[in-house]
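Engineer: TrEMBL lists these features:
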| type | residues | note |
| --- | --- | --- |
| REGION | 1-67 | region 'Disordered' |
| COMPBIAS | 20-37 | compositional bias 'Low complexity' |
| REGION | 83-103 | region 'Disordered' |
| COMPBIAS | 89-101 | compositional bias 'Pro residues' |
| DOMAIN | 149-282 | domain 'Casparian strip membrane protein' |
| TRANSMEM | 152-173 | transmembrane segment |
| TRANSMEM | 193-217 | transmembrane segment |
| TRANSMEM | 238-254 | transmembrane segment |
| TRANSMEM | 274-296 | transmembrane segment |
Amino acid sequence: MEPKASMKNNQTLDDIMKQSSSSNSDSLSHLDSPHSPLRSDHGDSVPPDPQNTSSPHVPPAVSPPVDNCKALVAFDKSTQFNANSSPFASPPLPPTTPPQQPLQLSVNRSVREEGQGMTTKTKVSGGGGRGGGARAVAAVLRRSKVKETVKMAALGFRLSEIVLCLISFSVMAADKTSGWSGDSFDRYKEYRYCLSVNVIGFVYAGFQAYALVYHLIMRKHVIRHYLRQHFDFFMDQILAYLLLSASSAAATRIDDWQSNWGKDEFTEMTSASVAMAFLAFTAFALSSLLSGYELCTHESA
């Protein structure tokens, strides 16, 4: 009995498995059918709701299809992230300082005076680093110091010219003697010539001294014409020549007088006047050198 019962049970189990496999194949064929309501437009089958057991072949409401397609969309990178649209304030950027470069300067200063004003021009060009710029600035300062020294020396020579010319023409104008052997300087053209040149030198030296003092105090020139340096140079040359000529002529007359009549008070005074005139010539000659130096520096600048 027992073997028959076990065989019957095995047969029952085989029948149940065949029925379940046939039902599964029917459901799969129904789902694979193109007219199945459980297939979506994209060919994907919708699984049946396990909770709906009333009708195994009628599915519930179909959910809308999901679009899984992938497309390329162009967008602007500038609009991908905007710092201004952030709700949080972004911290300020630290200030950027440009890299420091070595100082490269060379200064060339030139002064040009024209018309009623004085114009100063400064030219800056590339130099050889910090050392070259420092040397250029030192050269400019040294040049300005030399100019100030030259002006002070010129003022000293002008003052000496004033004193020497004043002494020379004063002594010559006072050279008069009385008595039967009396004489006067105005009787000799050489003495008159020497007196006249010393008077002219005195007036010119006084004007130049005033102009230098005015320039040192006010930093302006009395004569603002661009030919001022030429005027000073040529006037110094001319007066130096005139003083040398006048003193030489007067000395020749004195020597002729002493060779004929000997020394007396008249010749001694004329000799003193001629000596002062010769010293004035030396001062004017040195002033002409300084005027020539200023003229050369002005033209080279």
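Using N, Cα and C of the backbone, Cβ positions are placed for all residues, glycine too.
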Engineer: Based on DSSP, tally up the residues of the domain 'Casparian strip membrane protein' (149-282) by helix, strand and coil.
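Structural biologist: Across the domain 'Casparian strip membrane protein' (149-282), DSSP assigns the residues as follows: 110 helix, 2 strand, 22 coil.
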Engineer: What same-chain residues lie close to the transmembrane segment (152-173): Cβ under 8 Å, and 6 or more beyond its ends?
Structural biologist: 185, 191, 194-195, 198-199, 201-202, 205-206, 208-209, 212-213, 216, 269-270, 272-274, 276-277, 279-280, 283-284, 286-287, 290-291
